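Here is what TrEMBL says about this protein:
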DOMAIN    1-337  domain 'Major facilitator superfamily (MFS) profile'
REGION    39-64  region 'Disordered'
TRANSMEM  146-170  transmembrane segment
TRANSMEM  182-204  transmembrane segment
TRANSMEM  211-233  transmembrane segment
TRANSMEM  245-271  transmembrane segment
TRANSMEM  283-304  transmembrane segment
TRANSMEM  310-333  transmembrane segment
Amino acid sequence: IQLRSFQALHQTWPAADDASGVCVLLGRCRPQCSCSQHRHADHREDSPGSCPHPGSLEHPLPTRCDDRDLRGQHRELPRVQYPPLGTPTSLIEREQLIEGLAMLKKIRGTGNVDAEHQEILHACEMARQVKQPFRNLMKRSSRPQLVIAIAMQVFQQFTGINAIMFYAPVLFQTIGFKNDASLLSAVITGIVNVLSTVVSVVLVDKVGRRFLLLEACGQMLITQVAIGGLLFVNLRATNELQHGVAIWVVVLVCLFVSSFAWSWGPLGWLIPSETFPLATRTAGYAFAVSSNMVFTFVIAQAFLSMMCHLRAGIFFFFAAWIVVMGLFVIFLLPETKNVPIDEMTEKVWKKHWFWKRFMDEEEEERR
């Protein structure tokens, strides 16, 4: 197809010697000489009357192309350059030093990042020397990061979000919606989930991680208790919901989903990536992801049975866990906003009222 397109283009192109080839768009072109006695078809390498001036580069635009290159299998297509993706630390860790420095300057909004850049380089070099990341993860000094990473994944599932998202059509059918209406309600909650995630992207570095988590705990607690109360009162009396009450349930579910989507949803993955040092990040994230998958499976398997037995009480069950999550954030989760990974120990762990004891004992062991 490319060859035919080129031939059609070549037939309609002006016959001037200095502009008869424009096939640079199609692949590899070889330079042509400036002699005026040859046409494009006579310049094949296998033609008996080869050019008397091979290798001449006098022509300012050497764009005539070899037909064999168009038909051949070894044509080199131009590479598309994509912008670098990732944090400065991840780029430097993958030995993309220039891209990492540029990303660091972009994030900080200033060109004066030499000190932080050198610290990241040193941390990456130290991480490359670690041969047993899982063994290092079991050390006492790694206990705070490991506990927080696993707890964030467990709490993420015990908000009840996956149970609601997985079984939204069944849930809405149970409270009185018809088939089409229940599917539409599930679509609405999915859209709310996506849009609310954008809120987290905009606000997470402005208001901090703890603020978003605590605000979401309050909002999720209120919505869960309200949903449970509405279902408990109305289903107990008539075993079905009036249309107005059902609409309020959908609104409360959307408020619950939105609060999760700008807090525990994305931050459950962000905070572990900020707390683990480079030396144990891969091993630590393996534990975090495994915990998430295990408890996703547990909640998905247990939700239907719990809803059948507890009915409206299922929402009070998740509300109780939200209280535990809020207490965990207040007492055990430090703020990680604007704290580089290599400075987490000095600026966060050693200053935390509870986790600092693990760092102090590690220092004593080193001494």
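The backbone N, Cα and C atoms fix where each Cβ goes, glycine too.
Caution: TrEMBL annotation is automatic and unverified by curators.
If you take every residue in the domain 'Major facilitator superfamily (MFS) profile' (1-337) and average the pLDDT, you get 77. By number of Cβ pairs under 8 Å, the transmembrane segment (211-233) is matched best by 310-333 from the list 146-170, 182-204, 245-271, 310-333. Counting only same-chain residues 6+ beyond the ends of the transmembrane segment (146-170), those with a CB under 8 A from a CB of the stretch are 137, 179, 182-183, 185-186, 189-190, 193, 220, 224, 253, 256-257, 260, 264-265, 267-268, 271-272, 275-276, 284-285, 287-289, 291-292, 295-296, 298-300, 303-304, 307, 314-315, 317-318, 321-322, 324-325, 328, 332-333. Sequence-distant contacts of the transmembrane segment (310-333) (same chain, six or more residues past either end, CB-CB distance under 8 Å): 147-148, 151, 155, 158-160, 163, 209-210, 213-214, 217-218, 220-221, 224-225, 227-229, 231-232, 235-236, 264, 271, 303, 354-355.
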